[in-house]
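What TrEMBL annotates here:
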- 7-238: domain 'NAD-dependent epimerase/dehydratase' (DOMAIN)
- Gly11, His12, Arg13, Gly14, Met15, Val16, Gly17, Lys141, Pro164, Thr165, Asn166, Leu167, His180: NADP(+) binding site (BINDING)
- Ser108: site 'Important for catalytic activity' (SITE)
- Cys110: site 'Important for catalytic activity' (SITE)
- Tyr137: active site, proton donor/acceptor (ACT_SITE)
Amino acid sequence: MDKNARIFVAGHRGMVGSALVRRLASAGYRNIVTRTRAHLDLTDQGGVNLFFEEEQIDVVFLAAARVGGIYANSTMPASFIYENLAIETNVIHAASRWNVPKLIFFGSSCIYPKACPQPIKEEYLLTSALEPTNEAYAIAKIAGLKMCEAYNQQYGTKFVSLMPTNLYGPNDNYDLQSSHVLPALIRKAHEAKLRGDGALEVWGSGTPCREFLHVDDLADAATFMMESDIAEGVFNVGVGRDSTIRELAQTVCRVVGFEGELAFDASKPDGTPRKLLDVSKLERMGWKASIILEDGIAATYADFLARYEGLSQTAVAA
Ligand code: GDP
């Protein structure tokens, strides 16, 4: 692919977007286009249209989204459905209108039904009811991938959707109210170690299973998709293996060096019991994840430590 292609990474300050910018730059792409929220509000239809009219974009990575963990999703469903639908309709429609040759949309494994057979194949989408704790977010993400399919069908666009499993990595959100489990446990284990606590609080029963993908693996899969001839479809992106929340907590404690007990808080929700993706469709196309969970957690802990001072201040200010 032409290294001068104009590649718009929407959401470049987020965990996925920043990983994409790193990956594209290291692959030699020279024209990565980004906009901060102050310069381009993606929920503003007029602004998004003007941006696409002026910028002659060749590829869009639609990584901008309102994201969050189980607590944020269950307490702010309106924000999750509204902001994600607005961003998707504005960007996907404008990309089609201004003839952008390729767009890669990022969804989530929570689009699949709660009671899905495991591992989850792409064709299980919309076969039964969703997990209630993140239904609003899931509905918005399903709308996004269906928009890509509809625009491909009606306008001949080449819009592809990637459905990553639970992500982690540099630039993650460590705010304990809105974060996902992996960054939350890194922070809680680190602070428990500093305080010399006897136990680490883990939400729920510890029995739900989750699959974790390092965001650099997702950026690699997305770059692979951009460079391929694949012009449509939904593709799961994961590692093909999961662990219980208890096992995850044990791994995090080992990496962080916290030696106390685990204390499970049954008053917090478990969410869906399991969501392991079947990743064979993408593997058949030639892509496979490569970062081992414990190595990825160690690298993420190093990133957390480098940013910990700033995080502590944010938490105090909030
Ligand atoms: P989910 O994958 O959409 O359910 O989102 P999360 O990553 O927020 O939660 C995954 C699982 O980890 C759920 O069963 C949570 O109850 C559990 N969990 C355990 N401790 C924590 C924690 O400190 N924060 C979060 N967000 N989840 C936790």
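Keep in mind that glycine also has a Cβ here, set from the backbone N, Cα and C atoms.
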Request  = Sorry to bug you, but what's the C-alpha spacing from Tyr137 (active site, proton donor/acceptor) to Gly11 (NADP(+) binding site), rounded to the closest Å?
outcome  = 17
Note = Nearest to Pro164 (NADP(+) binding site) by C-alpha distance, among the recorded positions Ser108, Cys110, Tyr137, is Ser108
Query = Rounded to an integer, what is the Cα-Cα distance in Å between Gly17 (NADP(+) binding site) and Ser108 (site 'Important for catalytic activity')?
reply = 15
Request  = Would you identify the secondary structure of His180 (NADP(+) binding site) according to DSSP, in three states?
outcome  = coil
Request  = For Cys110 (site 'Important for catalytic activity'), find which of the binding-site residues Arg13, Met15, Asn166, His180 come within 10 Å, Cα to Cα.
outcome  = Asn166
Task = Give me the Cα-Cα distance between Asn166 (NADP(+) binding site) and the residue listed as 'active site, proton donor/acceptor', rounded to a whole Å.
result = 14
Ask   = Can you list which of these recorded positions (Arg13, Met15, Ser108, Tyr137, His180) have a Cβ closer than 6 Å to ligand 1?
value = His180
